[in-house]
């Protein structure tokens, strides 16, 4: 009985998909103090998802396995009449109306009106008469049905994770009519099965459908949570997205709060007082994510500890960096540094010497780090040698966007300060023109090149997690003091849902 469960998958699925949950766990006295991530889904998103109900129910019906129904009844003169309905299948499913409502009693109320379907199968019956004569017959049947469903799904917390309780489920039958093959069977037989089997079928449908809805609700909650946990994990770096507090459910949105602690090997981020308040988010977009500055800082630390903040540049890219300006000063500096060695036999390495410090302000995300640059040459027939080493304290303000399924990082301001400088062609540092040239190419070309590399790496990571499969509309990344807001609209990813149905059912 996976059919109504499937409806549940559509409406409840995406709601949970962004890891919504509910209050049954114990939390501290201050509701948002340990909150690092907030997800808010608004009523327009719920209404959009509700439009997909018919398609989901139809897919679920096609994959459903309906149980056989058996029974017997004693009749005067005929003795006991036993029956069985087998090979039950569903055809011609249609839905007249589906509604979803968010209520402040921590529940998602879903109403589906006038679900019509034709059940087809085989009716086998037999009876022993007063003279011990036995008769057995099989006949094809159809059952016309019209049903209303009411599903009230409560979202609870178990072991700091989401658990869905959809046991509050009701089916109301407006029609359940049995048709035997050609209506040629005896009138008393049709009347018997119409009255008795229809009653039994109603009981079975109510029991099995609601049980399956509840099962699917929890299965989907587990699936979505596993999906979310995988999305925020890469290698040894991951985010703890367990619940930080009870959700806030209003008539126009549903909001969940998560710890967002960064975990890396034996390192675990520490809680800091969160600045989150529900008033920081609006209701004009379908989906909102609120991220604490503390998460970005901890992720930068984990990336540094995992030795990910390293970039190697060689060949044409190295040439583009050092020949961005065709001037006499540039030609002199290139000759001093590379000593006639080709770019293909040279390599530049850029890496962070310390944990980058990240702060979020209205003008953008500010990244401050001590960075080293090392240039080495590999002259043919000679040992490789380092010809340039620089340490610079760099502060860059970055504005982020997401468009055409790509993350875009735009540096709007940068400041650099030399902390160390060694060049084999100028061991005493007596040539200020060389340092001035390097200062220029680092600011004008070098920093954008590093940011572009980070941009490509993060886009690739997001796509590997499946973000490119979603139809995201008009996303905005907004920075404020201490936090980031990502707000967007979306279209429902039907292919992902149907793939889930085909895989799990």
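Quick reminder: no glycine exception, Cβ is built from N, Cα and C everywhere.
Summarising the annotation, TrEMBL assigns disulfide bond to 169-210. Around the Cβ of residue 169 (disulfide bond), the number of neighbouring Cβ atoms within 10 Å comes to 22.
Summarising the annotation, TrEMBL assigns domain 'Lipid-binding serum glycoprotein N-terminal' to 40-267.
The annotation domain 'Lipid-binding serum glycoprotein C-terminal' is assigned in TrEMBL to 281-488.
Annotated signal peptide per TrEMBL: 1-24, in sequence order.
For residue 210 (disulfide bond), other Cβ atoms within 10 Å of its Cβ number 21. Model confidence over the domain 'Lipid-binding serum glycoprotein N-terminal' (40-267) is summarised by a mean pLDDT of 79.
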